[in-house]
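To keep things clear, I will list the structure first and then write my remarks on it.
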Amino acid sequence: MASLTQHQPKGVNGGSSRIAAVNVTPSNNLSTPSHHDASSNHQKPGWKKFLSYVGPGFLVSLAYLDPGNMETDLQAGADHKYELLWVILIGLVFALIIQSLAANLGVTTGKHLSELCKAEYPLLVKYCLWLLAELAVIAADIPEVIGTAFALNILFHIPVWAGVLITGCSTLLFLGLQRFGVRKLELLISILVFVMAGCFFGEMSYVKPPASGVLKGMFVPKLSGQGATGDAIALLGALVMPHNLFLHSALVLSRKVPSSVRGINDACRYFLMESGFALFVAFLINVAMISVAGTVCSADNLSAENADQCSDLTLNSASFLLKNVLGRSSSTIYAIALLASGQSSAITGTYAGQYIMQGFLDMRMKRWIRNFVTRCIAIAPSLIVSIIGGSQGAGRLIIIASMILSFELPFALIPLLKFSSSSTKMGPHKNSIIIIVISWILGLGIIGINVYYLSTAFVGWLIHSSLPKVANVFIGIIVFPLMALYVAAVIYLTFRKDTVKTYIETKNEPAMQTHMEKGFMANGQLELSQVPYREDLADIPLPQ
């Protein structure tokens, strides 16, 4: 039987296809493995196989626990008590579906989303997508850096601008764990996630929100009160982060995935289970944040000063509110949770920036240089604003960053939805019709919510602006064509037909296809039990 390697087209950027089998010539001191040996990987205990896939989901879950989400949760709880918990529940179910598509894409193709975008789109589109992805990393990093700086200010009374610099340096130090393998970094992130959980569950046990109210808010959809619809839209819009889709599709490449069809299906299932568990922990932490804010701000003995703080709750003012109502220890616990949230989110944001730069530009540079460049680009806006505007300016910057992320989302989500539903990219592992319909409804729904939120916010600002009418007209002349260009770009990405084929078909060789599906090959031809690590990502150490 002829070797499959001669039929395999060279992968983009040196990447490997997880579908194609590879000819393995046995060495003199190694006998040809039997059918039993070739399939022994599938016979390991399920829990051991599952543990080998644990890790990426916790890094990804940080996007749902970052300081930007914390601020949105706290304000939603302060304004509406427990009524919007159902939005968090539905939103994280949506997020699990979308994130599983990103994981499946990486597992099946052996390439992450930014590499597939580079291979698929024309030069101009590719560079536009790269710039937008980098902008998304910077926007996501702003609340993370500022949140960490606020936490350091609360705990140690360090100025916010100095906290921004400390956050940048500490993130680089923590990223040094990469030299010991990504599993060490995943362990650190998991510890910080559970530190957050412990802090907010401790706060929740102290304030004792009524269980009936929390459960009702979780399972009974309700939008009552002024601003409830807007807050629900803000909660949903903050859940799916553009850079997170690039990150998840890349992190799964750090696992040894069997190249058989069955092995790929098993890997996708385990990554789904792992992501589901990590997002369930994130959901519980979000519930705790909203419940604490809702209980504190609905207390009968709330003073007028504290009531004013509840009406405009920020990451910084929340600590003073908790200190006034619950005592100093409560403020300290909140600051520790905020520190864990900001620091861990900043690490994952920098990690995402590395993959984006490598995938779109194929830049090969030393790891410490790449970390330093990504970090400097990300913290520059936060540092400038915190020096000029202080805490108030930094707080306003978080709002601007969330709007930028809402604007950016279609340019990562639409390529993901198209690639994961494409037979040219995924082969037999492409989404089923049901998943295609559900994912596109969810994706377009989230994009629609964000576009609606941005457009109404801009129009509302333009109508109520104190600027002269001439200035308003001038701004409208500039912005509305840009909005039309934005819509045109979204339509282009949605309806453009994929042209680059990365899946290698074997349908003309039924016997070969059968062997690939079972995970072995006959007549001395053996399919590799695991796909080799990506050579172009070799400077990012992966677990052994």
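Cβ from N, Cα, C; glycine included.
Note that TrEMBL annotation is computational and uncurated.
Features as listed in TrEMBL:
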TRANSMEM  50-65  transmembrane segment
TRANSMEM  85-103  transmembrane segment
TRANSMEM  124-142  transmembrane segment
TRANSMEM  154-175  transmembrane segment
TRANSMEM  187-207  transmembrane segment
TRANSMEM  232-254  transmembrane segment
TRANSMEM  275-296  transmembrane segment
TRANSMEM  332-352  transmembrane segment
TRANSMEM  372-391  transmembrane segment
TRANSMEM  397-419  transmembrane segment
TRANSMEM  431-453  transmembrane segment
TRANSMEM  473-495  transmembrane segment
Between the stretches 85-103, 187-207, 397-419, 431-453, which one has more Cβ pairs under 8 Å with the transmembrane segment (332-352) than any other? 187-207
Out of 50-65, 154-175, 372-391, 397-419, 431-453, what stretch is closest in contact terms to the transmembrane segment (124-142), meaning most Cβ pairs under 8 angstroms? 397-419
The transmembrane segment (85-103) in contact with the transmembrane segment (397-419), cutoff 8 A, at least 3 CB pairs, sep 6+: yes
Cβ contacts under 8 Å made by the transmembrane segment (431-453) with residues that lie 6+ beyond its boundaries: 94, 97-98, 101, 230, 233-234, 236-237, 240, 406-407, 409-410, 413-414, 417, 420-421, 487, 490
In the same chain, residues at least 6 away from the ends of the transmembrane segment (187-207) whose Cβ sits under 8 Å of its Cβ atoms read 55, 58-59, 61-62, 65, 174, 177, 278, 281-282, 284-285, 288-289, 291-292, 295-296, 322, 326, 330, 333-334, 336-337, 340-341, 343-344, 347-348
Outside the transmembrane segment (397-419), at least 6 residues beyond either end, the same-chain residues with a Cβ under 8 Å of its Cβ set are 67-68, 71-72, 98, 101-102, 105, 109, 113, 116-117, 120, 129, 132-133, 135-136, 139-140, 142-143, 146-147, 234, 237-238, 240-243, 245-246, 249, 314-315, 381-382, 385, 389, 425-426, 439-440, 443, 446-447, 450-451, 453-454, 457, 486, 489-490, 493-494, 498
The answer for the transmembrane segment (232-254), taking Cβ pairs under 8 Å and residues 6+ beyond its ends, is 55-56, 59-60, 63-64, 68-69, 72-73, 76, 84, 87-88, 90-92, 94-95, 98-99, 102-103, 105-107, 110, 112-114, 132-133, 136-137, 140, 182, 223, 267, 271, 275, 348-349, 351-353, 355-356, 359, 402, 405-406, 408-409, 411-413, 416, 446, 449-450, 452-453, 534, 537, 542-543
